[in-house]
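Have a look at the structure below, then the notes.
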Amino acid sequence: MPSLLILNGPNLNLLGLRQPEVYGSVTLSDIEEVCQARASALGFDMTFFQSNHEGLLVDAIHDARGTHDGIALNAGAFTHTSIALMDAITSVELPCVEVHLSNIHAREEFRHRSYIAPVALGQICGFGAQSYLLAIDALASHLGQL
Ligand code: CA2
């Protein structure tokens with residue numbers, strides 16, 4: 001069965017637990033649950049992982065090669081800073097969809113730049129938890145499962 005990796009970066013473990021006025025009340029484990037349901041419905045296995053550490057995210061991307069068929073990546077604030085994550089995505093040659101809960105282009109200037117976007121199939125942002133489901137649909141369509 002084809003498999004997807006849903007990868008989450010720094011502070012996303014705090015979703016729903018802190019600053020609900022900015023990021024809403026949905027927790028990362030709620031998001032995992034809806035992603036699991038969508039992935040299964042589309043015929044995918046799914047692994048969902050979060051880390052606050054850039055190197056662990058790089059390791060997870062490297063390990064995806066040969067294990068997973070596509071990646072949905074919410075790199076959090078590393079989106080705007082990490083050449084290491086950009087290089088890791090390039091190196092594994094797996095389709096990657098960049099995901100954000102918020103519309104990063106409607107926020108502070110420093111969030112407008114993404115190091116992930118140039119090496120991703122595309123970017124989905126601004127739809128809250130739904131952004132993850134749209135990313136799974138985009139990967140499914142790219143991989144011929146939709
Ligand atoms: O909108 C997104 O998904 C972001 O990736 C979220 C990141 C932010 O740095 C990006 O620019 C856009 C921040 C995630 C922080 O999540 C928190 C949740 C609750 C409390 C504090 C932070």
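Using the three backbone atoms N, Cα and C, a Cβ is placed for every residue, glycine included.
These features come from TrEMBL:
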type: SITE; residues: R18; note: site 'Transition state stabilizer'
type: ACT_SITE; residues: Y23; note: active site, proton acceptor
type: BINDING; residues: N74, H80, D87, L101, S102, R111; note: substrate binding site
type: ACT_SITE; residues: H100; note: active site, proton donor
Worksheet item: Given the binding-site residues N74, H80, D87, L101, S102, R111, which lie within 10 A of Y23 (active site, proton acceptor) by CA-CA distance?
Response: L101, S102
Practice prompt. Could you measure the widest C-alpha to C-alpha distance across N74, H80, D87, L101, S102, R111, the residues recorded as binding substrate, and give it to a whole number of angstrom?
Written response: 24
Fill in: Among R18, H80, the one of these recorded positions whose Cβ has the fewest neighbouring Cβ atoms within 10 Å
R18
Worksheet item: Roughly how many angstrom lie between the C-alpha atoms of D87 (substrate binding site) and R18 (site 'Transition state stabilizer')?
Response: 31
Item to complete: Filter the candidate list Y23, D87, R111 of recorded positions, keeping only entries whose CB is under 6 Å from an atom of ligand 1.
Response: Y23, R111
Worksheet, complete the sentence: Close to the residue listed as 'active site, proton donor', taking Cα pairs within 10 Å and only the recorded positions R18, N74, H80, R111, are N74
Worksheet item: Between the binding-site residues N74, S102, where is the Cβ count within 10 Å the lowest?
Response: S102
Worksheet item: By a simple count of other Cβ atoms within 10 Å, which of Y23, D87, H100, L101, R111, the recorded positions in the record, is least packed?
Response: D87
Practice prompt. Write down the Cα-Cα distance for R18 (site 'Transition state stabilizer') and R111 (substrate binding site), rounded and given in Å.
Written response: 20
Worksheet item: At the Cα level, what's the spacing in Å between H80 (substrate binding site) and R18 (site 'Transition state stabilizer'), rounded?
Response: 22
Worksheet item: What Cα-Cα separation, expressed in whole Å, is found between N74 (substrate binding site) and R18 (site 'Transition state stabilizer')?
Response: 18
Fill in: R18 (site 'Transition state stabilizer') versus L101 (substrate binding site) - Cα distance in angstrom
15
